[in-house]
Each structure stands twice: as structure tokens, then as C-alpha cells.
Amino acid sequence: MTFSTEIKEAAQPIIEEIYNDGFIQDLLKGDLDAQAVRQYLRADASYLKEFTNLYALLIPKAPSMKDVKFLVEQIEFMLDGEVEAHEILADYINEPYEEIVKEKVWPPSGDHYIKHMYYHAYAHENAAYTIAAMAPCPYVYEVVAKMALDDQNLNRDSVTSKWFDFYSTEMRPLIEVFDNLLDELTANCTEQEKKDIKESFLQSTIHERNFFNMAYINEQWNFGGDKNA
């Protein structure tokens, strides 16, 4: 079993929890609350900006020029391509996407997730740590989307079904590159290093769950009441 396969199998129970949580289940049925959509889109817009910065940090550590080229292409996709999925959700609540994301948010769960990835980018020379922290993002979306497309409860009459259609295919090239890089970059790692890299992957999978839930509950910072706002 390859290392990338091992860590993805270990993450499956967490992904099952993500799928069964309120955000995905309501999205599946086409009745996700509009404020949850707004919170998700605003937080994800901030998240994706930082994700592109993390790609830039990976470029000097990339093993080959082919990998560098792919990372540059992914920066372009993050800036333009993934907006398509966001616009599907904006259409669902009948609000312009650009208007929704004018309001910037930085909720606790998004903050913790981003800092987790930046930590590994700066703390470890081996890019495997950072890739392991980033890889659950595309992987979770693909698995959840494919699960939804096989679910008889998927509301095909709702525009939200197109969100699942998008993520069922569009993440595949990135997942394959991340898998190959993880297998290559961990080939000579010690067992302890592999354990730490695996933990980075699993922690990010939990961060993915928290991120969806953050939108679902409209998570905010609580500094002790309105007087400290």
C-alpha cells in the first residue's frame, strides 16, 4: 500500500462524519440555510487566497520543473476556476457572488486551519508536511461529492446538485499530483516522520469538518461579550 493510500484510508471515518454533518446533508437536500451559504463563501474566499500563497511557498521545494509548472497552474485555478463552484451556491440563494464576498470574515475554524498549514510550510524543509496539510481539501471535496451523487436523497431539482457535480471531477488532477508527491517525498522518511506527516493529513481532515460546521453554525469569535467587540 502506498503512503498516500494509507493516509486517505485512515481519514475515511472523518470524511463519513463530514458527509453526515448538517452542512453537507442540507446541501444534499437543497435546503441549506442562506446564512450558512454566505458564511461558507466568505470564509472560503479568504481561505483560497491563503491556499494560493501556500502553493507559492511550495514552489521552491518542488522536486521537478514539472511539479513547479503544475503548482503555478493550480494558483491560476484557485483564483479563477473554483469560483465556478462558489457561483453555484450564490445562485442557490439568488445573490451575486461578488456582493456576498465583499464582506470579509475570518472565523476561528478557518483561522486555525490556515495556521496549521502555514506552520508546516515554515517548520519543515520537506514539502511532504505541507502537502499533507493541504491535500485533504481537494480529497474531501471529491469523496463527499461522489458520495452525494450516489445518494438517493440528492435533490436533483436543486441547483446545489451542480456543486456536487463540480467537485466530483474537478479535483482529480490535483489529488493525483499530491498523491505522487507524497509518495515520492516520503520514500526516504523515517517511520516517525511518516507518522508526523500522516498526522498532519488527519488534522487537516478534521479542520475540513470544522470548516463546514463553522459555516453551518455561523461561527464567530467570542471575546467575552459585545463590550469587547
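One-based numbering along the chain as shown.
From the backbone N, Cα and C atoms, a Cβ is placed for every residue, glycine too.
Residues or ranges marked as substrate binding site in Swiss-Prot (evidence: similarity to another entry): ASP44, TYR141, TYR167. Long-range C-beta contacts of TYR141 (substrate binding site), restricted to its own chain and to partners at least six residues apart, with a cutoff below 8 Å, comprise TYR167, MET171. Taken residue by residue with DSSP, TYR141 (substrate binding site) is part of a helix.
Every protein chain shown contributes to the tally, and the Cβ of TYR47 (site 'Increases nucleophilicity of active site Cys') ends up with 21 other Cβ atoms within 10 Å. Per Swiss-Prot, site 'Increases nucleophilicity of active site Cys' is recorded for TYR47, and the stated evidence type is similarity to another entry.
What Swiss-Prot lists as active site, nucleophile is CYS137, and the listing cites similarity to another entry. CYS137 (active site, nucleophile): 23 other CB atoms within 10 A of its CB, across all protein chains.
The active site, proton donor annotation in Swiss-Prot covers GLU208 and rests on similarity to another entry. Cβ neighbours within 10 Å of GLU208 (active site, proton donor), excluding its own Cβ and spanning all shown chains: 22.
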Rounded inter-Cα distance in Å - CYS137 (active site, nucleophile), GLU208 (active site, proton donor): 7
Protein Cβ atoms within 10 Å of ASP44 (substrate binding site), excluding its own: 20
